[in-house]
């Protein structure tokens, strides 16, 4: 059909629009007229689609075609500046009534559309539909030029401009050209210095709406991008993509100097500075140089950024109100993030996320050398250095080397960062006031954190949290090897070395080896006879601080640890733990020589000396050696006892 005929057809429809009283309509392309008892637009619309392939109504401005005239009328508003639909709450105007309806939900805070996967709610169905794609990973929109797939049609449309050379949108200020008008608009904000997109939560302003959207996730705590391997969730798609490399084990970025490989380019770049000693990031204000851009950014805040939010407790200033709120939890002890499994509370979302892995038992990070698995990547990285002995992170100031980048960063603060907070009692310096406040409690004896069950006080919230587990019986830290549970993560870490068999710390006197340096230090006092911990009440001395703590309860007759089985009370939690094994009948520690089993490791250690003939406790008077310290003490009394004949 020729364009002229189509034009005639359109004119015939137009004529009928102006004369609705007509009941018979005739198309110039049909031999017979068609009759309609009630003259309405739908018959004309239906008929006209025969000629135009289903899309008879074309926009004169952009050429886009539509099925219905009503949709064309709605579309034409895009080309005009008219925004007839105005919000009564905030005055914001919209081109379409449905956009106004969607916007008004934000004032009512209604979110009727809920995601079945993660439970997140949305104010608009279209936003929920877009969100669902984050769970499925579906990318239905494919570029015909390069085959790249996208989640959203709008993203594909933006991408397709890459394949054309045209950049019709040029900046009048600097001459830079852009492929899209909105990219030019975003760019022009740089010249104006405008930041029109403001966060309602903290007042921070941004030049781009996308930057504001990214920022707002900080306040909501939302993490919509979840890893299918380990369940870990992320705020941004890019962070999830980087995380996936952890599971594949791919390390495509290799250092040409030492052949060390990395799973991302930024880590390689930071590593290479170790070899060059270069500090490319220089402060324009004071000339100070840094080897890492993040250090420079942190430093620049001293010169430029306002810090309007100040803590009333310690005076520490912050750039954002959200940072101040997080900081204030140190003083208030508030822990708003609750674990649904065990009820444990946390100050920060990140701490809760790490904790929840304990309940799932997931250990997705496996060492390729020995097969040991870990529940987070940083622990695996630290573990792998045991095999290599490598200390790749070297301080450029004093040449001290570290096997972990976080230790180097912490160390670098000694050289570069100011430490303005100093203890008046002992002179120890601190980087932030909260650390100084905690430290000063050692001198003052202040213990502001009190247990509601037994009244015991602590100078630190973490100590109170550990203590409270004695009353609740909670043991959230479970050994994956033998199923033994602990109420403290450090106890689990110590226990796990039993399975690994690593006894790195050896006594030079008797050859006995230990898992920890602290254990070796305590043991060596047996040989030296040193007892630095003295009771102020009776003057009795001990070679270990925990023994002194236990002893001091004799004077105050405090027994806060009660057995739930028989109500027997103990002055020390370890005594209660040992006692409870009597009820449980657990004999976990078995002798490999004769098969005899014991409730406690100390009993097994004493027993094994029968087989090894080891006698580590030696009398300084006569040189006689004994299997246990109690035997040595009894023997030493023979030297101190004086008979009447010897006087």
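Placement of Cβ uses the backbone N, Cα and C atoms for every residue, glycine included.
Listed in Swiss-Prot:
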| type | residues | note |
| --- | --- | --- |
| ZN_FING | 85-107 | zinc finger |
| ZN_FING | 113-135 | zinc finger |
| ZN_FING | 141-163 | zinc finger |
| ZN_FING | 169-191 | zinc finger |
| ZN_FING | 309-331 | zinc finger |
| ZN_FING | 337-359 | zinc finger |
| ZN_FING | 365-387 | zinc finger |
| ZN_FING | 449-471 | zinc finger |
| ZN_FING | 505-527 | zinc finger |
| ZN_FING | 561-583 | zinc finger |
| ZN_FING | 589-611 | zinc finger |
| ZN_FING | 617-639 | zinc finger |
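Long-range contacts of the zinc finger (505-527) within the same chain, counting only residues at least 6 positions beyond its ends with a Cβ under 8 Å from a Cβ of the stretch, are 494, 497-498, 543-544, 614, 616-618, 629. Note on the zinc finger (113-135): DSSP counts are 11 helix, 4 strand, 8 coil. Residues 333, 438, 441-442, 487-488, 560-561, 573, 576 of the same chain sit 6 or more residues outside the zinc finger (449-471) yet have a Cβ under 8 Å from a Cβ within it.
Away from its own ends, the zinc finger (113-135) comes close to residues 102, 105-106, 151-152, 222, 224-226, 237 of its chain (Cβ-Cβ under 8 Å, at least six residues beyond either end).
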